Amino acid sequence: AVAAACHHDGCPGCAMDRRKESLGGRIPIRELSFVSATTLAASLPITCLFPFMYFMVRDFNVAKNEEDIGSYAGFLAASYMIGRATTSIFWGIAADRLGRKPVIAFSMLSVVLLQTLFGLSTKYWMAVAARLLLGSLNGILGPIKVNTAWGVGLVIGPGLGGYLAQPAEKYQRAFSKESIFGRFPYLLPCLVVSLFAAIVLLSCIWLPETIHKHKITEKDIKIVKALPSQQAHWDLPRKKSLLQNWPWMSTMASYCLFGLHETAYSEILSLWAVSDRKYGGLSFSSGDIGEVLAVAGASLLVYQLIIYHWVNKFLGPLISSRIASALSILVLATFPFMTYLSGSKLSFALYAATMTRSVLGITISTAMCLIQNNAVRQDQRGTANGISTTAMSFFKAVAPLGAGVLFSWAQKRQNATFFPGD
């Protein structure tokens, strides 16, 4: 009753608080469904790229030789994160001041337009520009984070990119080379992502606003002080700067380093799998690597929905992320040796390693998100997520650039005596 006195009529944030209280601890299925669909629509432009990125760069004829494709692919992958790094703080502040809903709606509109433009790219610079703008205008990570929806994106995205790219070559009966999908071989998966984003954009009409739009009065402060000490600690307005919040700052640093690692892994895995075996790769098609990534994403989704709750309950986010980080080192060390395998042995080893790596990765990222959000107040989370997204995006921009250059360098040193590329 005391907490209810803080509610203000006409304030969407207070209305949402009343809604949560009325649920009595139950999960708000309707609101969570809208937010999850939005997160999925924002993740698909990132995840659908990896299966066909190598072939797209190759078709642009920008690389002088095959070993240089990795470097150009790295910059293409980095362009999205470079754009996001430049604007994430702005979108986080905008989400705290204007509201979550308008920022999310604008982000969905940018996906609809720019993802389609990316699929229509005929030059390398056009593709880079489209990805750069898409990252700059997609401010969704400031307002919301739903890792389960991201897991769904890791299943659907690679599947779309792997199976729908180059349809005139894969499905000659359905698509002719003279059709629009024959002239633009990577448009179909991009168009499917844009159509889904358009549906989510329309559903934003029913998306609830969570920001409080009223001034904090002395009466509110007195009411909050009357709450139990633990609840008052989180609800009492504080003037403490985010940059002085050391638990949040240390978590953000770990989050950034993991983002660098995760992005480099995702890019190199795709480039390595589709590269020719004479360069130390597996000679996979875009469909093959799309299937591998989709299965890995499916295992991640099952783990997060069913198992992660118990892992977090018994170990906590900090210990679980430490254990997952250590195990990741062992799993990653197995990948180079897979080039000596073939057939069912290769399939078993590759699927087992990617599935395990996905489970470990989501354990770390979910733990980091939980620790970050618990380290700041609700009305600071948009700005906090904006700052952390900016920092993380910088590391995620550096990762594919460095990984692409390193991968190309390794391919040129396959037969070197000292430190061979394989």
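Using N, Cα and C of the backbone, Cβ positions are placed for all residues, glycine too.
Sequence annotations record features per position, and here TrEMBL assigns transmembrane segment to 32-57, 69-91, 103-126, 146-165, 186-208, 292-311, 323-342, 348-371.
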Interface check, the transmembrane segment (186-208) with the transmembrane segment (292-311), three or more C-beta pairs under 8 A: no
Segment proximity, the transmembrane segment (32-57) to the transmembrane segment (103-126), 3 or more C-beta pairs under 8 Å: yes
Contact set, same chain, for the transmembrane segment (348-371): CB under 8 Å, 6 or more residues outside the stretch: 145, 147, 151, 154, 247, 251, 254-255, 258, 262, 265, 269, 282, 292-293, 295-297, 299-300, 303-304, 308, 311-312, 317-318, 320-321, 324-325, 327-328, 331-332, 334-335, 338, 341
